[in-house]
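Peer 1: As listed in TrEMBL for this protein:
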type	residues	note
TRANSMEM	A:7-27	transmembrane segment
TRANSMEM	A:60-80	transmembrane segment
TRANSMEM	A:110-128	transmembrane segment
TRANSMEM	A:171-194	transmembrane segment
TRANSMEM	A:206-228	transmembrane segment
TRANSMEM	A:256-274	transmembrane segment
TRANSMEM	A:295-315	transmembrane segment
TRANSMEM	A:369-390	transmembrane segment
TRANSMEM	A:397-416	transmembrane segment
TRANSMEM	A:428-452	transmembrane segment
DOMAIN	A:513-583	domain 'CBS'
DOMAIN	A:630-688	domain 'CBS'
């Protein structure tokens, strides 16, 4: 049976990989098609317009396309599933950390996310589809591993053993990895992402399964892309984003020094980005609250984006001979304000999917863009991306960051070539710039390095990329946190960091615990259970012996609640009440002995609220024996235990609550995630200040 | 102060990286020089020998070179530091798992390892220098992080805060990563190796530091190699082993199917290898025990290796035109039994460092080797490597495995080209064969994939490599464990796996714990402490209240040892006795309040044995107050806790002992690593059998 469970796990991971790959293929295909239709119709209108005076026509068409598409995306997000907004990475991070984020892995979220991101990217917003892909992978994983969809009311009656938080979390981490893997063609990077962001404990068999999922996902996408592009079974399409082929670059020590400087600059810019976006988010939380306001903001951004593009095209007027463009045959080249036989290279920055534009910035010939065009583009897009991240559409942050970074990286490269006089490899500088910018904003570490390494398919370039990422993170961390962490903290989620805060040693379990505690006796009356469940929101209750409700015992100046025997969960209590496992019922012991664990998980994850369980007045007088159901292995901690040791236990064992006992094994309190996460430590002038912050969820 | 500690950690990681890189450079340089001298003098003798009848002369010289070098290596290992034998990876794995392996991170071990590996590789044994490099990195890390060498009696009085097992372990994992990184030019692979093999908990800042170390190590080696090879500051020498440049390979679905088959074959061969080596090791443990026997065996292997090579050269007689060899100008081409103007391509397999031979097998022109040569070479080298691993010299297993795998991979490639009729990329097949073989033997997973990916500098090839590794591991695992795990288990080390064994649920803390327990009271007499420390080998003792030594209390049919208050370590007790912290001494409380944690760690890691602490008869009557020193946050577990939950706590928190209490918080037993590691579960006909195995350490 254990063996069969293991096989099932592999099967689930296989399905997760395949579905994630297919979803990625679908998104990619739709985005490409929508963009192509849009750009070609604009190009046609521009080409028809000989005199240059009728350029308002394509502009209008451009406007309409964008606004309609973004309107669809934002309406969907605002009305159907608000949690699908943004990249979804903060939510997945919280989920993997052990926080229950409502509705984040539902099928409705998936559909909103997929359709929304197609419209948002197709609508020309400064967003990427990589972050949403990670979220999509996670939702797919959560759904597949449960063998049913509660929303759709379908239950395949399979994989029932995996209907618990821990199991589901493991699969979600596989899904997130599959998502990254499909998005960037980076199976190893995907595994690292999901380890870095979530599954804190490195369990070899779990990691191995996650890896399998990622690999299958890349392969599936590969095959799908091969079919779409007309080269079936040719496995050369790695991910949604493709950084193109980097030639064997031969960098020297001096280039690494430049990489360090670029890393520092990227860190500074990233910190600025995060700061502005933080302020903006605070503003939004206050003033942009209703759905219509949200949709309006999204449409505003949608309208502003082509304006910015149009202005850039108008003012920079960077024209190139159309015959010069040999590299990318797929690009839509529009002439706009240029002469016949020329095309506008600033328009080229917008007339393609953002992914393709990143590739252009990496690889196009040195002369393709003027410095001024790149400057305006980089700075304008920086603020545009900053404004865009947080509006009510599914939106990834990776591509805009890479775009901005690649643009200023290219500027650095051009400047170096001017100073040096020599020919330099521009793609080196734009890649380093892109990674520095991305690193400065998201502050991911080793996983980002590997993702970029895999996306570039070039290992030697890994070293400068690594260096710029390390420096960017160091510099950025001096000012603020990564953007995902900022958003998580703004939402007041009780997420636990990597290390316990440096709290004074006198902060012990006793000072952080919640007190008093509601406990149950080994044999408890139905009446009291129902009353407590209705009154208290807690999910776990200690089960004790020798406790008299009416005569509290004070030991060492602290109220105690009887000797600890085990812990019972709310869901177990509700199920017991539903199944009427009352001691007074005849034959109840036999029923209990035949009960299976699976029956308790049947209703997972949406347990019936206690209000819906009907208890007759007669039954209310009955009693329930909690002993056979309570968890006797539950983790306890002595009241004298330090904050750091409790924190480590919570973090490495992924706990949600821990019972605090005194030296007589009497319950005196309970520690939850919130109790640990509510502290904030700031250093100022060598002094440590501890503040409490608001935890909402 | 906390900030300064953080900075120190980074500095230590920097130094670890630099020193590991330098060591790698040194080893490489020496091996290259020794091999070159050897091969050139043999070539000279062969070239002088016109008739072919005097070929015994070079043969004798070859013999002497090898035997003398291996003799030095094995004498060093046997007499100076036996723990330096082998690759060192099993020992490091145990160390990182939390088991204290004696002498494994001493400076004497490092010197033996470095000199030994130079002689062993120079002596032409079927060994690599990559495993020993990992061990060397770990020793360097352990030394640097402690800021002193106890063996040399030098104490720089720095980094005193890091003198504890946990801190040292973190740095050792950085050192291991730096070692991998230098060996293969794989900084990311190094980090993954050290996570996969050791640091179970993924702590972001730790991982980040490990990464930094690896990167510095690669860079240092790079710069050193640049200087040695005469291209200073040219950063193109990635690691000790260099797989050469793989062209952009365009593989199809069919190739992936072949990769699956090759993976399965590699898994089978690997299982066979491990089985033979296991039997051999058992034989060695019984019959090869004295130092002289060990040295004799090493010399036998050293003598046999050139014999095998000579026979291969003689029988296969695979001659090529010397002008055909365009690719590797550095190779020593010997003609042996060939015509003038020809060279023996079977001799070429031996007349170079093993690393270079791997490269030849990957990249040489399709016609370079005959199938028959490759067949004999692969099978002969397979058994040779199997025999060699475990003799008393420092020896890595990576290179021999890669060699055998690359050889049979090449055969597969040639066969495919015969069947297909088409031209095929031989380097693809030999790479896949090499990774399948290596995967089948060591059974590492994701870290190995990344290492190979980084060593080949080719990301697209990662997919077939991954597939062959996954299949090789699956197939191999059906038969036995990876070779490192086999060796660890043969040594009876209490290593804990990734997941708790599937034990029956009725196995609780009470059934695995050690009982009775030796406890101390809060105020304990000096006499008893000294007596207990002399009699008991344990490292930690519970401190209790309400316990009468002479009148044991039986609760629930189980002897109890008083109410648990904390845990005290042997080292703390010894230090307290040494410092004479007796309550009867005047002013002792003031001394205690001024004591610093660092003073307790002063003697780390070689605490004075209790026998060396002098206690006068008068002092023996005194008492000691344990309360200020005991660890009150120590982890406790209720007697009813399940095996699985205890296991998870041990594994994820890296514990060594855990006190078992009953429902009154009375100590009833103690669980140690040994108690958990001594079970072995085998499945047979659907039944679970639990056996106990011997734990020696």
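Backbone N, Cα and C define each Cβ position, glycine as well.
Note that this is a predicted model, so its numbers are computed, not measured.
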Peer 1: Taking residues 6+ outside the transmembrane segment (A:7-27), which of them lie with a CB under 8 Å of any CB in it?
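Peer 2: That would be 114, 117-118, 129, 132-133, 136-137, 140-141, 144-145, 159, 161-162, 171, 174-175, 178-179, 181-183, 209-210, 212-225, 228, 239-240.
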Peer 1: Take the transmembrane segment (A:171-194) and find every residue of the same chain, 6 or more past its ends, with a Cβ under 8 Å from one of its Cβ atoms.
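Peer 2: Hits for the transmembrane segment (A:171-194): 12-13, 16-17, 20-21, 23-24, 92, 95-96, 105, 129-130, 133-142, 144-145, 162, 206-207, 209-211, 213-218, 220-222, 237-242, 398, 444, 446-448, 450-455.
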Peer 1: State the non-local partners of the transmembrane segment (A:256-274) in its own chain: residues 6+ outside its ends, Cβ under 8 Å from one of its Cβ atoms.
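Peer 2: Sequence-remote neighbours of the transmembrane segment (A:256-274) are 382, 385-386, 401, 404-405, 408-409, 412, 416, 429, 432-433, 435-441, 443, 463-464, 467-483, 486.
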Peer 1: Express the predicted model's confidence over the domain 'CBS' (A:513-583) as a mean pLDDT, rounded to an integer.
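Peer 2: Averaging the confidence scores along the domain 'CBS' (A:513-583) gives 83.
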Peer 1: Do any residues of this chain, six or more beyond the ends of the transmembrane segment (A:295-315), have a C-beta under 8 angstroms from a C-beta of it, and if so which?
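Peer 2: Residues 59, 62-63, 66-67, 69-71, 73-75, 78, 123-126, 284, 288, 336-337, 344, 346-347, 349-350, 373, 376-377, 380, 384, 387-388, 391-393.
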Peer 1: For the transmembrane segment (A:110-128) and the transmembrane segment (A:397-416), does the number of C-beta pairs under 8 Å, pairs 6 or more apart in sequence, reach 3 or more?
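Peer 2: They are in contact.
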Peer 1: Other than its close neighbours in sequence, what residues sit by the transmembrane segment (A:428-452), given a CB gap under 8 Å and a spacing of at least six beyond its ends?
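Peer 2: Beyond its ends, the transmembrane segment (A:428-452) has Cβ neighbours at 180, 184, 186, 188-190, 192-193, 195-197, 243, 246, 249, 251, 255, 258-259, 262-263, 265-271, 273-274, 358, 361-362, 397-398, 401-410, 412-413, 416, 461-462, 464-466, 468-473, 475-477, 481-485.
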Peer 1: What are the DSSP helix/strand/coil residue counts across the domain 'CBS' (A:513-583)?
Peer 2: 19 helix, 25 strand, 27 coil
